[in-house]
Amino acid sequence: MIEFSNFYQLIAKNHLSHWLETLPAQVAAWQREQLHGKFKQWSNAVEFLPEMTPYKLDLLHSVTAESEEPLSDGQLLRLDKLMRNLMPWRKGPFSLYGLNIDTEWRSDWKWDRVLPHLSDLTGRTILDVGCGSGYHMWRMIGAGAHLAVGIDPMQLFLCQFEAVRKLLGNDQRAHLLPLGIEQLPALAAFDTVFSMGVLYHRRSPLEHLWQLKDQLVNGGELVLETLVIEGDENAVLVPGDRYAQMRNVYFIPSALALKNWLEKCGFVDVRIADVCVTSTEEQRRTEWLTTESLAEFLDPNDSTKTIEGYPAPMRAVLIATKP
């Protein structure tokens, strides 16, 4: 069973200690009542992985761990098999002792777009909301963060994160909790909060922005990345049943409308840092995700539209400050 005691001990000694008033009971309830039917299969894969300490570790330019001596064919095959038990792998890529996990998303491309616009992460305590497998948390650590805490209710992501952590020498600088943002008290304890690829899944996007603000210290920085459409400050798309085959997409504003939303929620120094169309090179089917991906979600005769006829996915990065 995946344990969270190391995280509890860690925050007991720092400015997150007040979280211990609610967090252990929430996690215990999750372990008791909410485990996915495949959770034991996934957690067994993590348990059977060897705990390895990298001879070389690069989290600044990638997530790459290397051993002093190459793994044997048998060791590499076993590693490959255990990590494939945790498919599908959506967020990465990871290069672990000669095993290259080519994930659906080139999350490194997103990080390269975001990083130049951030305040220096050195020494910061960071919250990553909807963190997926935790890829970006490792990159945050590589960029100098003191502690990265991720939350994501998807239990496969938790197991993927713990698998990677185990192969990175049980690194305790990043932690993933199986929670949603709505389960967090207003901690006001994080120097930087990331919400990337979450807002359009929220039925109440302004409430989500308030929840993110509640987690930041005064003067803290929000990094918001989400789907947007072209248009002025009043433009918002509310898709019908599906958008790019996703059922749970509620609001897709223009970047200018999103800037207004952030200002309405009391953020200051709001700026649109980047806008780019998602390509089928950045999100695609691989041997680590064998189901449909972006190419199948677009109109086969017009790649500027989704299969439903909406504008194809375009994503913006906005940076804002809590005063």
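Counting starts with 1 at the first residue shown.
Cβ from N, Cα, C; glycine included.
Annotated in Swiss-Prot:
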BINDING   LYS91, TRP105, LYS110, GLY130, ILE181, GLU182, MET196, TYR200, ARG315  carboxy-S-adenosyl-L-methionine binding site
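Taking the features listed in Swiss-Prot, we show where each one sits on the structure.
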residue: LYS91; record: carboxy-S-adenosyl-L-methionine binding site; CB count, 10 Å: 23
residue: LYS110; record: carboxy-S-adenosyl-L-methionine binding site; CB count, 10 Å: 23
residue: ILE181; record: carboxy-S-adenosyl-L-methionine binding site; CB count, 10 Å: 21
residue: MET196; record: carboxy-S-adenosyl-L-methionine binding site; CB count, 10 Å: 22
residue: ARG315; record: carboxy-S-adenosyl-L-methionine binding site; CB count, 10 Å: 20
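The secondary structure of MET196 (carboxy-S-adenosyl-L-methionine binding site), as reduced to three states from DSSP, is extended strand. In the three-state DSSP reading, LYS110 (carboxy-S-adenosyl-L-methionine binding site) counts as helix.
Look at ARG315 (carboxy-S-adenosyl-L-methionine binding site): DSSP puts it in a strand. Across the residues annotated as binding carboxy-S-adenosyl-L-methionine (LYS91, TRP105, LYS110, GLY130, ILE181, GLU182, MET196, TYR200, ARG315), the two Cα atoms farthest apart lie 26 Å from each other.
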